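Asker: First, the structure itself, so that you have it in front of you.
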Amino acid sequence: MKGGCVSQWKAAAGFLFCVMVFASAERPVFTNHFLVELHKGGEDKARQVAAEHGFGVRKLPFAEGLYHFYHNGLAKAKRRRSLHHKQQLERDPRVKMALQQEGFDRKKRGYRDINEIDINMNDPLFTKQWYLINTGQADGTPGLDLNVAEAWELGYTGKGVTIGIMDDGIDYLHPDLASNYNAEASYDFSSNDPYPYPRYTDDWFNSHGTRCAGEVSAAANNNICGVGVAYNSKVAGIRMLDQPFMTDIIEASSISHMPQLIDIYSASWGPTDNGKTVDGPRELTLQAMADGVNKGRGGKGSIYVWASGDGGSYDDCNCDGYASSMWTISINSAINDGRTALYDESCSSTLASTFSNGRKRNPEAGVATTDLYGNCTLRHSGTSAAAPEAAGVFALALEANLGLTWRDMQHLTVLTSKRNQLHDEVHQWRRNGVGLEFNHLFGYGVLDAGAMVKMAKDWKTVPERFHCVGGSVQDPEKIPSTGKLVLTLTTDACEGKENFVRYLEHVQAVITVNATRRGDLNINMTSPMGTKSILLSRRPRDDDSKVGFDKWPFMTTHTWGEDARGTWTLELGFVGSAPQKGVLKEWTLMLHGTQSAPYIDQVVRDYQSKLAMSKKEELEEELDEAVERSLKSILNKN
């Protein structure tokens, strides 16, 4: 599988993004879903055309004039049988375009079978929910948890917030979920009806979404199962995984479903975590994401939470275009004693972590939540379990301040996540150029619900975001078999222009590169302030020698808050003893952030916090620059 972006950068809904394109050696699989555009006429005309040809139809909320036609009578993945229907649409003079959707794989993450407190709940599994309040259960480390108790004691339980679980459906009749189910915001895109109930199987395979829903919104004090992180929030089911193949139109429709009712979208799935796939959202889904962060929640932006991936040390989540998107909050996991789970992927785009299991055989070390048939389970695991926990914490923060934007939530995540007692056996904890501590696997640390809601209460919306192409290397450069190819780009970050980026949020290195063995490539990038981001680690199972990376946007959050101006360094080399060849064809530096200091106007209540440190840094920088401007002015007068 090959992934990348088309050569031009497109502007959609006020955001720059590259349209990812993918090529595969496998024969394409065609589905019973069509993207249709009419020459003229609105939704009524589309319904008329669809009915005449035996199709159902849905209007796409994020794209004017485009419709989703689906034909339940067509056998899925049968090109020959669907050809007649495709030709009928194409011959219809009212139809401008009829694009049959290709199918591709999307996998649930973490579907694995794993072998005294101030807040009292009568739910039978509550005392086993160590990730909520860790007192040392299942040989865990006391105090290593989400600190939800502090948020609850402050009165925040997720009331007024709706979380959409994009998955294989949820059992909305489950007695621990029924009272918090938001039917109006729910839909089944696999069956095209408003009832996202999971398809029961003998192996309980479709319990994934129900388990995720319980982590977020399971009711409290009802003597059933456990308690959700945001137990007074509402949960919506968006069923979209349970079909032979995924399509761009189903993903885009799910991600853009009811953006004025759904505040947070939780996704515990993605491309196959096999250590050799490079894949991400297609054009419609990218457009839907851009539309969501720009227009969702009344313009404050939909909040997308993504599981970082379960490929372990054999994979890298920067090869997953969902987890590495600027528009998602990518969440990794730790187990109850602070160690990494064996399936955890590391990458520079991960923003923070929550909890799951994947290392201990103790049956009570898993995540306790709701299950199919009205049951409960202690065996939920993977980063699948981590993402909904984060969605629950964000729901608590939104209740504290409904005015938070999608970017505010990312800033709060960076500032309130904590190292706590997390331990990465491979990558050390480091500080970036403005003193923020981060880890290549855990991001900025484990979420702290108490700290987040307290900061959210006083939070002022961060300044406007700008985008700058910091420079580009277009001449082909050979990567040596031993040693490294080292390139530099010096940028002023568009200073003096209206899109000047002074304080960084996200940085993308858009790279085109080929190698005799793609999985042996290692790519690092160092910022002007000296922060090294590992953009790509070795993936020993990836033996691709033909397609490489084509305009692939590797992303880092590790330079958050830094000054973008200066010299950036890119290093490419091979890991392993076998002789290798490679060619870097392009490196384009994309800078995203603000012109004005994002924390200057924020209220500081904890003078030991990262916010206090960052604000002090900003004030000193602003003072230094003011002095420099004054000196220049005096010298110019003389």
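Using N, Cα and C of the backbone, Cβ positions are placed for all residues, glycine too.
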Asker: Name the cysteine that pairs with CYS468 in a disulphide bond per Swiss-Prot, restricting the answer to CYS376, CYS494.
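Answerer: Out of the candidates CYS376, CYS494, the one Swiss-Prot links to CYS468 is CYS494.
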Asker: Can you tell which of CYS212, CYS225, CYS317 Swiss-Prot lists as bonded to CYS376 through a disulfide?
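Answerer: Candidates were CYS212, CYS225, CYS317; Swiss-Prot matches CYS376 with CYS225.
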Asker: What does Swiss-Prot give as the disulfide partner of CYS317, choosing from CYS319, CYS347?
Answerer: CYS347
Asker: Say we define neighbours as other CB atoms within 10 Å of the CB. Which of the recorded positions ASN375, SER384, ASN514, ASN524 has the fewest?
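Answerer: Minimum Cβ neighbour count within 10 Å, taken over the recorded positions ASN375, SER384, ASN514, ASN524, occurs at ASN375.
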Asker: Run through the domain 'P/Homo B' (461-597) and tell me, per DSSP, how many residues are helix, strand and coil.
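Answerer: Output for the domain 'P/Homo B' (461-597) reads 3 helix, 75 strand, 59 coil.
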Asker: How would DSSP class ASP167 (active site, charge relay system) in three states?
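Answerer: Reduced to three states, the DSSP call for ASP167 (active site, charge relay system) is strand.
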Asker: According to DSSP, does ASN375 (N-linked glycosylation site) fall in a helix, a strand, or coil?
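Answerer: Looking at the DSSP assignment, ASN375 (N-linked glycosylation site) belongs to neither helix nor strand, so coil.
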Asker: Please identify, among the active-site residues ASP167, HIS208, SER384, the one with the smallest Cα-Cα distance to CYS376 (disulfide bond).
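Answerer: If we rank ASP167, HIS208, SER384 by Cα distance to CYS376 (disulfide bond), first place goes to HIS208.
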Asker: Find the shortest Cα-Cα separation between ASN524 (N-linked glycosylation site) and the recorded positions CYS225, CYS317, ASN375, and name the residue that gives it.
Answerer: CYS317
Asker: Measuring Cα to Cα, how many angstrom lie between CYS225 (disulfide bond) and ASP167 (active site, charge relay system)?
Answerer: 21
Asker: Restricting attention to the domain 'P/Homo B' (461-597), give the mean pLDDT.
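Answerer: In the predicted model, the domain 'P/Homo B' (461-597) has a mean pLDDT of 97.
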Asker: Tell me which of the disulfide-bonded residues CYS225, CYS347, CYS376 sits in the most Cβ-dense spot, judged by other Cβ atoms within 10 Å.
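Answerer: Of CYS225, CYS347, CYS376, the one with the most crowded Cβ is CYS347.
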